[in-house]
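Read the structure below first, then the notes.
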Amino acid sequence: MHVLSAVITEAFGVALVGYVASLALAQGSAKKFKYSVDDNQELLAHGLSNVIPSFFFCIPSAAAMGRTAVLYSTRAKTQVACLISCIFVLLVIYAIGPLLYWLPMCVLASIIVVGLKGMLIQFRDLKKYWNVDKIDWGIWVSTYVFTICFAANVGLLFGVVCTIAIMIARFPRAKTLSIKNIKEMEFKVKTEVDGETLKQVKIVSINNPLVFLNVKKFHTDLINIIQKENASNLLLDDISKCEQNTLLSPLSNGNCSEEASQPCQNEKCSLILDCSGLTFFDYSGVSMLVEVYMDCKNQSVDVSLAHCTASLIKAMKYHGNLDSEKPIFFESVSAAISNIHSNKNLSKLSDHSEV
């Protein structure tokens, strides 16, 4: 165990550097020759290729930039090229290696620099990173500095930790909701759906996963959208009512009466949440959706959810006491609007029957 504790840190660094270098070269080759790479398969292959030779005191294997560049130049296509290169490496180790013992260190360093020429040329991409995303540029430069000043494993670990920390910090601030353009939905619903029904419906699209990191931002954005839409709708209603009263009342002298400025409170609004962008969720996300549904229900606002996955429907039904008398989950936004229109017609028929 004392041997394991002494080598575990270095072993972790070697494994991390070897896998990251191999995966980067594999992805670069896939991008250059137009094929796909499975990261999990690469990790499994890289691990097995190092586990089995470890029982025979072999050096850990990984992809090399120099050998990859040589294979590019020779247009190698199969594993036979790797077999031939391995034979040459054996010849160098056993036959030519002793002859290189007396070479100065500067010569050996120049060989390494030439082998890493492809990686050093990547400095040209710094301008592109700066123009696209300055945060990525900062991560690139800081990782490079840490790698040069300390070690490759320290630099890579620093880069991974910085990337994860920045992703966690930026994720809760991302835009979670957006208003759907109702005019675009008019072409998808039935012709008998009138403009009044569409006017009373607010369609909100969820653009991001709903997890504990952004549920508070989701709730805040939803409240702000509803309040903003209500304010704009009330303003338009006040203007239209004022114009009507001005035309109907010649004695009003162009002044809008107080009765016309008061909003109509008996109109029941509806909210449709488009969950097509909700790729995954956790317990906090489901709890927030159920909370939004219950709050809107207490305020006499009908809530419908469209494009929901089966797992989301099951989780919401299991979590909260949803209204089982009428459906709230729909296959599309058009189906939700049609259902709202049908319920509105039924309510009108019931009112006329009572009269």
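Cβ coordinates come from backbone N, Cα and C, glycine included.
Just so you know, TrEMBL annotations never went through curation; they're auto-generated.
Model, not experiment: these values are computed from the prediction.
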Query - Given ranges 4-26, 50-72, the stretch to which TrEMBL attaches the annotation transmembrane segment - result: 50-72
Report summary line: One stretch in 50-72, 79-96, 144-169 has more Cβ pairs under 8 Å to the transmembrane segment (102-123) than the rest, namely 50-72
Report task. Report, as numbers and ranges, every residue of the chain located at least six residues beyond the transmembrane segment (79-96) whose Cβ falls under 8 Å of a Cβ in that stretch; write 'none' if there are none. Result -> 67, 70-71
